[in-house]
Amino acid sequence: MAASSCCQARWLLPLLLLAAAAGALGAEGASSIVQLDVESLLPSAAAPCPTPQAEQKQGAAPPTRMPVVHQHGPCSPLADNRNGKAPSHAEILAADQRRAEYIHRRVAETTGRARRRKQGAPVELRPGTPPSSIVVPSSSSATSTTDLPASYGVALGTGNYVVPVRLGTPAERFTVVFDTGSDTTWVQCQPCVAYCYRQKEPLFDPTKSATYANISCSSSYCSDLYVSGCSGGHCLYGIQYGDGSYTIGFYAQDTLTLAYDTIKNFRFGCGEKNRGLFGRAAGLLGLGRGKTSLPVQAYDKYGGVFAYCLPATSAGTGFLDLGPGAPAANARLTPMLVDRGPTFYYVGMTGIKVGGHVLPIPGSVFSTAGTLVDSGTVITRLPPSAYAPLRSAFSKAMQGLGYSAAPAFSILDTCYDLTGHKGGSIALPAVSLVFQGGACLDVDASGILYVADVSQACLAFAPNADDTDVAIVGNTQQKTHGVLYDIGKKIVGFAPGAC
């Protein structure tokens, strides 16, 4: 399903089909079209799960590798057909919109262009039981509850990917969402205070780990949190997500095991009061650029380098690599713009190609808004002045290829009826995102359309509300690419065909 390269032509379709498409897509012919197997994007209960990418064995050459699956896909360890069902496409896209809106608010705040918004109500944390005794802030040490002003975090939504980790001594296995848009790692912990959402695996019990310890309020690590609370010498964390979900509890440390690597004294949130749209995952692995994130905490081990590949379908398996290694020979690198703000991975988008042609979008459209790459956002968001030319060019090409338009679906407004093409391959206009340094992300055929139903397959891009809102390269467009992040060298890379 590899998309056509923005640097060289590939013959992807029979000559007869190419000749028919040439009139709609211009003289570039083969370099302007990609093929998509429609059946591969539709759910199939009979489809077997592929063999997972193996976890790297101790002593093997770096990087450390862990398998990645879609948390609601048939190959996910969280899948449970007896006690629940995967969210609908409408629910996935609604949650994705909340995530995008949060990112826009957060970026605006950290870049000095903050908009006025309602402050979320503080989340109350009541005392639990020893040894992880929940204590109140020193400012109200005589009371029995804690009102911890929770920081806003990214709405996890329902379209994310998960990896296995192990925590504690002896190590217990947990399935967690991995997220480049978050810094602080957390898991649900016993005892649950008031409420914990339902997860597939047992909660982490700190009393059973010989290496668990709460972090002191006097520690500089406590001040690394975006918002923290303190009482009785123990540090509390709280994160309230954009959709009203939250996690709150102790900021602690323990041994984290990734594949066969161990990271001692890894700092994470031991959440004892948690509610929200977290699926059935045990928590979150934060891969942002902040001080509390995994890449920064484990910088001495991994050099601030990680990469992942998201599979073409929800039934596939990808990988998460941690640690330095030679980038793939076909990796296309672009500068990581670290001066844009904290946490997120900013890059400089410079253009978009459809059918091999650069769209007439002024460079100021991208430089004004800025762009970030995010593993947790499903649909790529663009400034309206960039989305409109993309939609127009794509629609014209699809019309030339003979596809019938379908009604809009949720946040997606450019949709097609592929009913007559089920069971075969179809031609699509190639889409490429161009970045500073000449790097291209040639969107794989599986990432061009979001297929809610065979009768409603939509262009997997959406416009922001305003040209000043940051563009977000979502995970649908990242499929099958090895996406590389190197904090030390300040680069982001895209290697097509990695999984």
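In case you wondered, yes, glycine gets a Cβ from its N, Cα and C as well.
Caution: TrEMBL annotation is automatic and unverified by curators.
Per TrEMBL, the feature signal peptide maps to 1-26. Under the heading region 'Disordered', TrEMBL lists 47-86, 110-144. The compositional bias 'Low complexity' annotation in TrEMBL covers 131-144. Taken from TrEMBL, the feature domain 'Peptidase A1' applies to 161-495. Taken from TrEMBL, the feature active site applies to Asp179, Asp374.
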Close in space, distant in sequence - Asp374 (active site), Cβ under 8 Å, 6 or more apart: Ile103, Thr180, Gly181, Phe344, Tyr345, Ile472, Val473, Gly474, Asn475
Confidence summary (mean pLDDT) of the domain 'Peptidase A1' (161-495): 93
Cβ neighbour count within 10 Å of Asp179 (active site): 24
